[in-house]
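First up is the structure itself, then whatever we jot down about it.
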Amino acid sequence: MQFRLEKRREPSRVVLYSAPLIAVLLTMFFGAIIFSAIGYDGVGAVREIFLTPITNSLKWQDLAVKASPLIIIGVGLSIAYRANVWNIGAEGQYIMGGLAATWVALLTHGMGGFWILPAMMVAGFLGGAAYAAIPAFFKTRLNVNEILTSLMLTYASVQLIYYLVRAPWKDPMGMGFPQTRRFASEALLPNIVPGTIVHAGVPIAIIVALVAWFVMSRSVFGYQVKVVGSAPHAARYGGFSENKTIWLALLLSGALAGFAGALEVSGPFQRMVPGFPTNYGFTAIIVAFLGRLNPLGVIFAGIIMAITFVGGEVAQTTIGLPSSASGIFQSMMLFFLLAGDILVRYRLKRVAPQGEARA
Amino acid sequence: MSTELLIAIIITVVGASTPILIAALGELVVEKSGVLNLGVEGMMLVGAITAFVVTFTTGNHYLAIVCAAGAGVAASMIFGFLTLSLSANQTATGLALTIFGTGFSALAGQGYSARPVTLLGPLFPAELATHPVWRVLFGYSALVYFSLIMVVVVWFFLKRTRAGLILRAVGENDLSAHSIGYSVIGVRYAAVAFGGAMAGIAGACFPLLLTPQWAERMTAGRGWIAVALVVFASWKPFRLLAGAYLFGLVMTMELYAKAGGGPLSSIPSELWAAMPYLATIVVLVLISIRRDASSNAPACLGRPFLPSN
């Protein structure tokens, strides 16, 4: 029996929206086989990584806290990728947002005031947007590839953290540890569910996604982004400026990544440490794709990715699976998703073997 | 500056440049065929851990290099299958390959960190390299000579052979190449495999040439610098050679700034560490100011080939 690919008249919506789910299921199936093959308890690994975080209610707060930065960054990236702007330096923009918020927190240390936390959030927005403005400037002025510039800036920003916490921002009472002092209580993100680690960033993430969904599906800006991304020639005829869209896409995705950085440093971290870059910015790339570049989809994709993070930690303690295993599961998910995309545009058609008459 | 110091500088620069040069030569051929594989960093990490494990268990460096090349090809075939057979988005697939390579190498390298191996020694007998000046010519390991030979080989292949002409045709105009009867997908598979082998060997340089151990993410973005270098060199092998050595110089500058004393030695080490990445941006910007730079890019770069449309 042979198969042939035949182009669909219209892209299949059924495949488009079921592909992420199928990708997750295929990842669980092949993940179990691969991890068994290399000598781990494969079925156990899949159970701990994908199911324990859902069935064990004690893990739900971890899920919420890990999913929120992924959702916030993923929403921004999904808009940028829709516009065909490949910002893959979200990790660097997240870092710069965290550093900008830290700077405000350190400057205002000892002052009281309800305004400190909002000021830190604004600093996070601006820090991330300013860092994304660099690739935007070079892309629009000189057509320099934004993938390379945004990524190189990420590597540079990691070194900036190392420098700041080692020298000028180092906590004088920190017993020599390279880290800043713990933020004053005015600079810490409030907890919203007593007795848990769930902070205000969790509902904010959902709100960001809902607002982005509304803007993308109901506003001229959303329409412009989609047209510039999918049909640049038509966009030019329609009077949409490509450069303006590139600027907006990068500034917006950078600002959201920076905002996530400000939330993280004032929430879970409570101070700036060298371990602040936790790959949220890179994982959010997978989140954006798994969410089909749709802000509502990003909410679900963010939760799925958070499951693999939390589950990866569970599997580390229960069955001794190394932490890097969740990265393999995450990339497998993206591989399956990208492979499945061909079925959105094409269908598999059975071809009758030659010489065999078929009605 | 003393001759001794100058020679020491040349030798460090050559060492630091070699993996970038090898990886960039592979990516150059891939891009000439019209494919943009952003998974170089991931394939390098797969090559690095393979080379480390093989050296650690067998002690045979050359076997390690061959295995690293094979592992790079295997990793590149994931990319090839998705983008060439299933016409998946090349940018996204390349990124996924880098994430995969990072995770895979970290998993495979569990328990190997902080265990030493021996570096690959010089290719030529020590008697040839007794005098410092001779050491600059004959004091390197086989990987360094391999990288230099490959510059000429890639140049010759692309410019002077029929197969190279076909590869360039596929990258410049896939539909025409297809209509005269060349297998666009077949040529691109071969190019992607070559890129994978070169990235694997480039990865092998890290444990065998630079630091004789395994560390997670030990390639530290050098794969991405290699991708940038191809743009910098406007897809020309000899410019790639110059670019790689320029980067090697930037990467090792901290060593002799510290040694030389003076105002340079007070620059924080974090700024030195960030220098190669900042230099990449500067170089990309400078090259883009010259108008003709991007016009040399293969016309079909990054576009999937779908003849049935």
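Keep in mind that glycine also has a Cβ here, set from the backbone N, Cα and C atoms.
What TrEMBL says about a protein is an automatic prediction, not a curated fact.
Beyond the transmembrane segment (B:6-26), the same-chain residues lying 6 or more positions past its ends with a Cβ under 8 Å from any Cβ of the stretch are 40, 44, 132-133, 135-136, 139-140, 143-144, 146-147, 150-151, 154, 194-199, 201-203, 205-206, 209-210, 219, 222-223, 225-227, 229-230, 233, 237, 240-241, 243-245, 247-249, 251-252, 255-256. The transmembrane segment annotation in TrEMBL covers B:6-26 (among others).
With a threshold of 8 Å between CB atoms, the same-chain residues lying at least 6 positions outside the transmembrane segment (B:38-56) that come near it are 19, 23, 26-27, 63-65, 67-72, 74-76, 79, 90-91, 93-102, 104-105, 108-109, 112, 115, 117-118, 195-196, 199-204, 206-208, 213-214, 217-219, 221-224, 226-227. If you look up TrEMBL, you'll see B:38-56 (among others) marked as transmembrane segment.
Among the features that TrEMBL reports, transmembrane segment is placed at B:62-82 (among others).
Residues or ranges marked as transmembrane segment in TrEMBL: B:94-113 (among others).
Tertiary neighbourhood of the transmembrane segment (B:133-158): same-chain residues 3, 7, 10-11, 14-15, 18, 21-22, 25, 28-29, 32, 62, 65, 119-124, 164, 167-168, 198, 201, 204-205, 208-209, 237-238, 240-241, selected by CB-CB distance under 8 Å and a gap of 6+ residues from either end. The feature transmembrane segment is assigned by TrEMBL to B:133-158 (among others).
Look at TrEMBL and you will find B:189-209 (among others) tagged as transmembrane segment.
For B:215-233 (among others), the entry in TrEMBL reads transmembrane segment.
TrEMBL lists B:240-259 (among others) with the feature transmembrane segment.
Among the features that TrEMBL reports, transmembrane segment is placed at B:271-289 (among others).
Put simply, of B:62-82, B:94-113, B:189-209, B:215-233, B:271-289, the stretch with the most CB pairs closer than 8 A to the transmembrane segment (B:240-259) is B:271-289. Contact between the transmembrane segment (B:189-209) and the transmembrane segment (B:94-113) is absent: fewer than three CB pairs lie under 8 Å, with pairs separated by 6 or more positions in sequence.
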